[in-house]
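Before any comments, here is the structure.
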Amino acid sequence: MSTTTVAHHDEHQEHPTGIMRWLTTTNHKDIGTMYLTFSLVMFLVGGCMILGIRAELFKPGLQLMNPEFFNQLIGVHALIMIFAALMPAATGFANWMLPLQLGAPDMALPRLNNWGFWILPPSAVLLTLPFTLALFGIGDGALATGWTFYPPLSIQGGLGVDFAIFAIHLLGISSVLGSINIIVTIFNMRAPGMTLMKMPLFAWGWLITAFLLIATIPVLAGAVTMLLTDRHFGTHFFNAAGGGDPIMFQHLFWFFGHPEVYILLLPVWGFIPQILQTFSRKPMYGYKAQVYSLWGIGALSVVVWAHHFFAAGMPVPALLYFMYSTMAISLPLAVLFYCWIRTMWKGSMSFETPMLFTVGWIILFGIGGLTGLVLADVAADAQYHNSYFVVAHFHYTLFAGGIMGIMAGVYYWLPKMTGHMYNEKLGKLHFWLTAISFNVTFIPQFFVGLAGMPRRIPDYALQFAEFNMISSIGAFVLGLSQLLLVYNIISCVRGGQKATDRVWEGAVGLEWTLPSPPPYHSFTEQPVVK
Amino acid sequence: MQGMKKLGASAFALFYSLSARADYTFNFPEPVTPMALDTLHVHNKFMLITAVIFVVVLAIMIYSIVKHRHDKGYKPVVDKAPSTAMEIFWTLVPFAILLLIDFVIMGIPAYHSVVVMEDTRDQSTMVIKITGSQWRWQYEYLDGDAKGIKFVSNLTTTNGQMHNEEDKGEHYLLEVDNPLVLPVGEKVRILMTAADVLHNWWVPQFGSARVAVPGFIRETWVQVEKPGVYRGQCKELCGKGHGYMPVVVNAISKEEFAEWANKKQEEQKAANDVKEMTKDELLAQGKTVYEKNCAVCHQVTGAGLPPAFPALTGSKIATGPIFGADGKYQKDSHLDRVLNGKGVMPAWKATLNDTEIAAVMTYERNALGNAASVDAVVQPAQVKAARE
């Protein structure tokens with residue numbers, strides 16, 4: 001950039017309009033908006049898939065679909081929710097908020113940022129295209145192995161598996177590019193005076209997430225590539241007849257898969273305390289303790305993977321090691337819970353929608369965490385493993401702990417992003433409907449799992465019928481309530497009461513010093529942090 | 001409070017009326033093995049501890065939510081980090097409690113459970129081998145009274161029930177033709193493997209589950225303490241029939257077991273005797289074998305589900321020549337495919353006996369719209385010869 005443009009930088013608000021603005025943009029807010037929009041669309045797509053499943057499971061018998069199609073829906077639902085809904089939502093917030101929170105003009109690597117986003121839509125197409133191709137008689141539909149790709153089933157599978165493998169490659173590249181950008185931004189673009197231990201917790205959460213992604217995505221990419229060569233080029237990595245081992249895939253997959261859980265949760269753990277301090281009107285408790293705990297969880301997350309397949313068989317010392325190391329995660333997590341609640345304690349709390357989602361999030365994520373602790377027990381895991389108990393457990397961590405956290409963030413930052421206040425009444429209605437119907441959906445799944453219903457079955461024995469019916473009703477209410485979220489966001493973008501710069505009475509941090517919405521180029525002069 | 005109680009009671013009543021038919025439960029089903037009993041204890045203890053933690057923490061939160069409100073004019077305090085020795089001590093107490101729960105209260109019993117669970121050999125009195133395949137279980141007794149007994153266990157729930165054309169039976173999807181028979185009170189060592197993809201042999205009342213891995217042997221054990229029929233399912237996604245491969249175990253007394261073993265051994269010997277059969281006999285038996293084993297992929301009509309599962313009607317393999325000029329079966333012939341499988345098609349040589357293979361092949365070559373011009377009838381003796 002030449003010196004003359006720098007001189008005129010303040011007035012530089014023009015940019016291409018229409019579709020070209022979005023295709024060519026390197027602006028962190030535009031890209032953040034695209035990530036968040038993509039995430040919302042895919043959240044609805046993945047949601048429709050699971051409503052198909054819940055409709056089929058409404059009562060015993062095969063009503064709506066054959067088992068092949070059922071198997072395709074469950075796997076693609078999971079991949080879409082994890083890779084195309086939850087992860088892009090967190091990346092969207094990172095794009096929007098990290099430069100604002102760190103006092104930077106933009107992300108460090110804007111072109112890479114653009115590329116990182118535009119890889120996502122093609123990969124979503126790759127994931128879902130086999131459904132459409134099957135309608136025209138090409139192939140036999142999408143990936144039908146569940147999202148975990150376990151061989152030898154995935155070696156038997158049709159072209160849906162290949163499509164999913166390439167989709168994973170693209171999604172992985174996108175995540176790694178995003179992570180590099182975030183790490184570089186955090187290390188280089190902080191405002192003068194903002195030492196690492198002064199930066200907002202959201203940046204810490206994302207920094208650790210980014211390192212975890214860079215450490216584990218290549219392992220996943222390698223594992224699915226080995227699967228691809230086993231499928232088409234005659235290798236035998238996962239075939240015992242050729243000296244391979246199907247269980248090796250599970251080790252590789254979960255070496256990525258377990259940290260992935262924390263990849264989804266760490267950004268949320270970053271901004272939840274910021275929301276808590278805003279609405280408790282009191283600085284977050286134990287900032288340093290939280291930073292160290294986040295690091296502790298990040299480190300532990302890469303050494304506990306085998307607890308996902310205790311039942312696959314491993315030596316006793318390995319069982320014991322993975323059991324005890326998994327239990328150890330409860331220690332840093334307990335510190336976080338303590339700090340969250342201590343932030344609320346003797347604050348001056350008010351309960352606008354973001355705070356409602358945050359409090360609901362703490363309670364429901366708590367249930368996910370506690371049931372996770374008992375799942376670590378190897379002997380009991382033989383029963384829980386692959387039963388609906390596990391399904392309920394990870395939806396408490398990933399829907400309640402992940403998506404409800406994201407929703408708290410959406411309501412918290414929406415006025416800052418759009419410059420308008422959302423409709424508080426509808427926001428609260430959305431919270432209550434979501435929280436209640438979520439529990440109606442998943443509490444019965446704990447019981448039905450304990451009673452002996454395996455996951456991923458298209459039809460079930462009669463003793464599971466009542467709980468499944470309740471769960472399906474809950475799921476439909478949960479799904480329909482999300483239309484309120486869509487309505488709230490759209491109406492907030494279109495207009496509404498003007499938001500102030502600070503938006504919330506108790507908000508602290510650099511993002512609240514800018515106007516709402518912030519100018520196209522965030523900080524033209526670097527703020528100084530004391 | 002009274003109102004809450006009424007609300008709770010009516011919700012409970014509603015729940016109960018919904019479940020007039022079912023014996024639903026909020027916990028594990030009644031354990032019948034030492035391992036399942038142990039699991040139930042671990043589960044109950046853990047649930048109690050976590051429930052107490054949850055309720056205490058929730059109570060503190062709710063107290064704070066009610067008390068420390070902006071609209072009640074509550075002024076926020078300024079937090080201080082723990083600094084005095086006393087404060088640091090009290091900060092460390094929750095850590096100590098958590099460590100105690102994790103690694104002592106839960107950790108020590110868990111250690112013993114794992115050691116017991118993994119000890120498959122000590123005091124075991126018999127060994128059976130379980131092979132999972134798409135989508136049925138195969139059982140084989142390797143020693144003792146029942147040595148050599150080997151059979152396949154298939155789902156018997158009818159298609160009509162699954163598609164809501166008939167009323168569903170009491171054990172819908174959890175019923176089989178040949179249940180595994182086990183003697184009560186004996187520690188049975190189980191060797192687990194699979195023929196094609198991963199499976200997991202699971203009976204909730206036994207508390208043991210182990211993934212069956214093709215090409216590897218995994219071990220577990222059961223010791224059923226109470227006579228009865230116990231039902232479970234495969235719990236590792238294994239393809240389109242994953243929901244249709246139930247486990248049924250019939251646990252009987254040792255005496256009854258010895259009797260059963262004797263009878264079964266003789267039956268099996270008779271079935272393995274190879275004798276010349278007429279075409280009609282082969283067709284009749286072939287139809288049964290076909291519908292039990294083959295129809296799930298190739299369909300009852302033989303139309304298949306292309307492209308994954310090819311049609312048998314008009315198939316070159318199912319109507320073409322089997323035996324070459326030397327009298328041996330040819331590569332990629334019908335018999336080769338049935339015996340040895342290829343790709344998704346499983347190998348049946350370990351699952352079906354000579355008579356069954358001869359019968360099902362004769363059926364496929366003369367029914368399903370086919371009329372093979374060569375090798376129209378396959379005799380059990382020919383299959384037996386082909387195995388050698």
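Cβ atoms here come from the backbone N, Cα and C positions, even for glycine.
Copied from TrEMBL, the annotated features are:
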DOMAIN    A:22-530  domain 'Cytochrome oxidase subunit I profile'
TRANSMEM  A:31-53  transmembrane segment
TRANSMEM  A:73-96  transmembrane segment
TRANSMEM  A:117-143  transmembrane segment
TRANSMEM  A:163-189  transmembrane segment
TRANSMEM  A:201-228  transmembrane segment
TRANSMEM  A:248-272  transmembrane segment
TRANSMEM  A:292-312  transmembrane segment
TRANSMEM  A:318-341  transmembrane segment
TRANSMEM  A:353-376  transmembrane segment
TRANSMEM  A:396-414  transmembrane segment
TRANSMEM  A:426-447  transmembrane segment
TRANSMEM  A:467-490  transmembrane segment
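The stretches the transmembrane segment (A:163-189) and the transmembrane segment (A:73-96) are in mutual contact, each linked to the other by at least three Cβ pairs under 8 Å (pairs 6 or more apart in sequence).
Note on the transmembrane segment (A:396-414): residues 36, 43, 81-82, 85-86, 89-90, 93, 96-97, 261, 264-265, 268, 271-272, 274-275, 278, 352-355, 357-358, 360-361, 364-365, 367-369, 371-372, 422, 427, 430-431, 434-435, 438, 442, 485, 488-489, 492, 504, 511 of its chain, located 6 or more positions outside it, place their CB under 8 angstroms from a CB of the stretch.
Sequence-distant residue pairs (6 or more apart) of the transmembrane segment (A:467-490) and the transmembrane segment (A:201-228) include fewer than 3 whose Cβ atoms are under 8 Å, leaving the two stretches without contact. Away from its own ends, the transmembrane segment (A:318-341) comes close to residues 269, 272-273, 276, 284-286, 289-290, 292-294, 296-297, 300-301, 303-307, 310, 362, 366, 369, 373, 376-378 of its chain (Cβ-Cβ under 8 Å, at least six residues beyond either end).
The average per-residue pLDDT of the prediction over the domain 'Cytochrome oxidase subunit I profile' (A:22-530) is 94, rounded to a whole number.
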